[in-house]
Amino acid sequence: PIWQHGKVNASLHGSVLLAQRPIYKIYELQSLDSLKLGVGVTFPAMMAMWARWAPPLERSRLIAMSASGGSFGAFVALPLTGYICQMLGWPTMCVSLRLWVVFSVPKKLKFITKSSNNNCCVSHGWSLPLLQMALSVQLWAIIVTQMCSNWAYYTLLTSLPTYMDVILHFDLQSNGFLSSLPYLGSWLMAWASGVMADALIERRVFSVTVVRKIFTLVGLFLPSVFLAAVVYTGCDHILTVTFLTLSMTTGGFSAAGVFINQIDIAPRYAGFLLGITNTFGTIPGVVAPIVTGYFTEDHTLAGWAKVFWVAAGINAGGAVIYTLFGSGKLQPWALTEEERAEAERKRNRSISH
């Protein structure tokens with residue numbers, strides 16, 4: 001199956017290339033682009049997996065928990081690499097080993113009960129309604145919102161260690177540890193938000209659409225507030241680290257919002273849609289560091305204030321866009337002909353009664 005090979009190959013490819021980066025550096029080969037290309041299929045593969053495995057009332061927690069691994073990885077890697085780099089040199093940071101054991105669908109596992117298997121989503125084949133996807137307001141709401149959220153994420157991911165070094169003057173080991181704290185908060189909040197979102201949906205407190213909008217609004221607007229607050233902390237170490245940590249922590253709410261919305265609107269194409277949204281979502285990863293470099297060329301507090309204001313404004317804009325145009329409803333273009341016919345029959349029966 002595509003997702004199975006995609007995830008295994010992405011992990012293996014990334015691990016091998018990462019371990020060989022010191023060698024590539026010596027020969028001045030561009031291994032980093034190949035590394036990014038190799039791991040780029042990981043999240044779409046993961047979403048395709050959950051489209052088959054995750055029961056509808058457990059989607060939020062399962063997807064949020066698995067996707068939050070990136071934040072946990074940053075939490076572990078930042079202080080660890082700071083220590084390793086200082087003690088053993090930078091090439092030793094590039095050694096990695098991963099082992100994955102996967103199954104393509106639940107029915108291949110003997111210990112999965114029939115009732116549990118029936119509760120899981122299954123694939124219905126591939127017939128992509130590309131035009132309908134391109135014209136879907138709900139899909140574009142996800143794309144734009146993820147781009148807005150990722151602007152702040154990539155800004156902190158790529159620039160936070162520099163900010164703590166140049167402005168706050170932390171040493172390498174302290175820098176690594178303090179830079180990792182926001183990602184610990186994000187990881188924990190992603191787990192909690194997934195559980196809370198599923199509980200709200202299962203108990204029918206709110207519809208899926210309302211739940212996704214609530215968690216997206218909180219997960220984008222509150223980080224904007226805390227990023228803006230950093231502007232006024234100056235060189236106060238405690239307040240700055242506190243607000244940055246709170247910004248990333250509250251951002252974890254969106255893990256149960258827009259970042260899993262693909263499986264709501266089109267579970268058949270969840271992996272494909274995540275590939276699309278993730279592609280657009282990585283654009284800020286290219287542009288945000290360039291903008292940050294432009295604003296902070298002189299390494300002044302005023303320059304960094306502009307960085308945080310821009311990130312806060314874009315984040316807040318994403319919250320507004322998703323609140324207005326987002327949806328958690330299954331889209332008509334995501335249905336098979338049989339499903340559309342059945343939906344039409346149910347609608348006709350309800351009208352006749």
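Start at 1 and count along the chain as shown; that gives each residue its number.
Just so you know, glycine gets a Cβ as well, placed from its N, Cα and C.
Worth saying up front: this structure is predicted, and the values here are computed from it rather than measured.
The transmembrane segment annotation in TrEMBL covers 62-81, 126-154, 181-201, 213-232, 238-260, 272-295, 307-325.
Long-range contacts of the transmembrane segment (126-154) within the same chain: residues 216, 219-220, 223-224, 227, 247, 251, 254, 258-259, 261-262, 265-266, 269, 272-273, 276-278, 280-285, 287-289, 310-312, 314-315, 317-319, 321-322, 324-327, 329, 331-334, each at least 6 residues beyond the stretch ends and with a Cβ under 8 Å from a Cβ of the stretch. Highest Cβ contact count with the transmembrane segment (181-201) among the listed stretches 213-232, 238-260, 272-295 falls to 238-260 (criterion: pairs under 8 Å).
For the transmembrane segment (238-260), the list of distant contacts is 47, 59-61, 63-64, 67-68, 71, 141-142, 145-146, 149, 152-153, 156, 160, 168, 178, 181-183, 185-190, 192-194, 196-197, 211-220, 222-223, 226-227, 229-230, 322, 326: same-chain residues at least six beyond its ends, Cβ to Cβ under 8 Å.
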